[in-house]
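Now, the feature entries from TrEMBL:
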type: DOMAIN; residues: 68-221; note: domain 'Glycosyltransferase RgtA/B/C/D-like'
type: TRANSMEM; residues: 12-30; note: transmembrane segment
type: TRANSMEM; residues: 89-113; note: transmembrane segment
type: TRANSMEM; residues: 134-156; note: transmembrane segment
type: TRANSMEM; residues: 168-201; note: transmembrane segment
type: TRANSMEM; residues: 213-231; note: transmembrane segment
type: TRANSMEM; residues: 261-283; note: transmembrane segment
type: TRANSMEM; residues: 304-327; note: transmembrane segment
type: TRANSMEM; residues: 351-371; note: transmembrane segment
type: TRANSMEM; residues: 391-409; note: transmembrane segment
type: TRANSMEM; residues: 415-436; note: transmembrane segment
């Protein structure tokens, strides 16, 4: 009884510590940098327009329906705007909550079905990589979808393992939320993962309440899809299911392509050093080479292998590729890595020595590169200097190298795992606190905010005497920070005469490079504001004919 109470107390304390650490790691300084164009700023602007119009069915961007993604993320952002107003941290809060929930449920699930140590290592590895850090701090759909899909698979296995019928129903509910987060991808992946898992494990699902599960799924996911199709008809079906999902899988979208082995390289880089031992864990599971343990059921290993490999293969077959698209499989990769590391705790083998040696070389190499200024990216080095991070990171990597060398010499697997997690924690935290604000000014679009604020004061959505437009820029954050619902986007100056009326003033946001490329010339009094590379130009109606003449000569317009 005493041991049970102590164990329960440890579980509660660990859960609270994971919650607090995750909240700090993902939630710190969320307002410290502007919205990232294009994707994050676009989702924020869609949520802002939803908040303003109270149209919770059809997402809209720049005055037009937006059918690319479902509405769950926009609902959560818009609800946050209702309470706190449109701010950057509110935009990112749903992803923060998704990341925290993913880590907490991973810890709770594995603590229940496996061992405390395996649960801790898996949770640490899942947190300590650039995928989770980035997606957990940015307003994308991906973290929400991955969170609900992960919880759905955990609950399904728990229902199988403990014969809990209600867990199947909860799993279907989570899958419905994943479908509302990013469309049918999570549902399709689970429909591939679970049958393959059952075929391999030889298990037969018993007493699954299919009726209740389908009812819950339909009640959660169905109403919005029915209403948005009712409101927009065939246009929504064609674009969302056809272009945004099927076409994106079969053909390259927006030049986001990669070879079939793209995600192998992506995981090797962004999931370092944890990816190193994953192949050995997969091999041991397939060959049944794990030591027999009553604490870790073999079907759990099999589920994780199927989960990881299915996501990897499916995403590799897709024509459109981005490095984080493989993230729905990362909880399984983290588990397999932790499983291999746990074996090293019992008896360090060659895999530990190779991994520790490679970690030493990478950390040591980064230390030397930072110290000598030979990082290979002068702009990044300047940003680190401006953020006062260069020598701090030299110290972090120096300490990490020393600890890894000692752990390798002493065969201390625990030190290696803790050092890897702590090193990434330091880099991630300092990046959020110090580096991102600097990059925002130097590389991202913080310089656009003053122009957007000025624009919001100069005009409004109902000001028909103004044509507000951009030239050569696709920056959704301009809408968000200016408060303007619709801003015309021109790729070429030749498009402007067809849109502007004789009695309209032109307010043009552009860059000097775009103006020069279009062969246009503006006088000094046209420039209302400059901020970094951006310019706000004002062309009064009295000078419109001269401007149109420039364009006609340039574009050979009649």
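Residue positions begin at 1 at the first shown residue.
Yeah, the Cβs are placed from backbone N, Cα and C, and that goes for glycine too.
The largest share of C-beta pairs under 8 angstroms with the transmembrane segment (134-156) comes from 304-327, of the ranges 213-231, 304-327, 415-436.
With pairs at least 6 apart in sequence, the transmembrane segment (415-436) and the transmembrane segment (12-30) have 3 or more Cβ pairs within the 8 Å limit; the two touch. Remote same-chain partners of the transmembrane segment (168-201), defined as residues 6 or more beyond its termini with a Cβ less than 8 Å from a stretch Cβ, comprise 69-73, 141-142, 144-145, 147-149, 151-153, 155-156, 159, 208-209, 212-214, 216-221, 224, 240-241, 244-245, 298-299, 302-303, 306-307, 310-311, 314, 328. At the 8 Å Cβ cutoff, the transmembrane segment (351-371) and the transmembrane segment (89-113) share fewer than 3 close pairs (sequence separation 6 or more) and do not count as touching. Over the domain 'Glycosyltransferase RgtA/B/C/D-like' (68-221) the predicted model carries a mean pLDDT of 95. Panel annotation: around the transmembrane segment (304-327), residues 131-132, 134-135, 142-143, 146, 153, 188-189, 192-193, 196-197, 200, 248-254, 256-258, 260-264, 266-267, 270, 278, 281-282, 285-286, 333, 335-336, 339 of the same chain, lying at least six beyond its termini, place a Cβ under 8 Å from a Cβ of the stretch.
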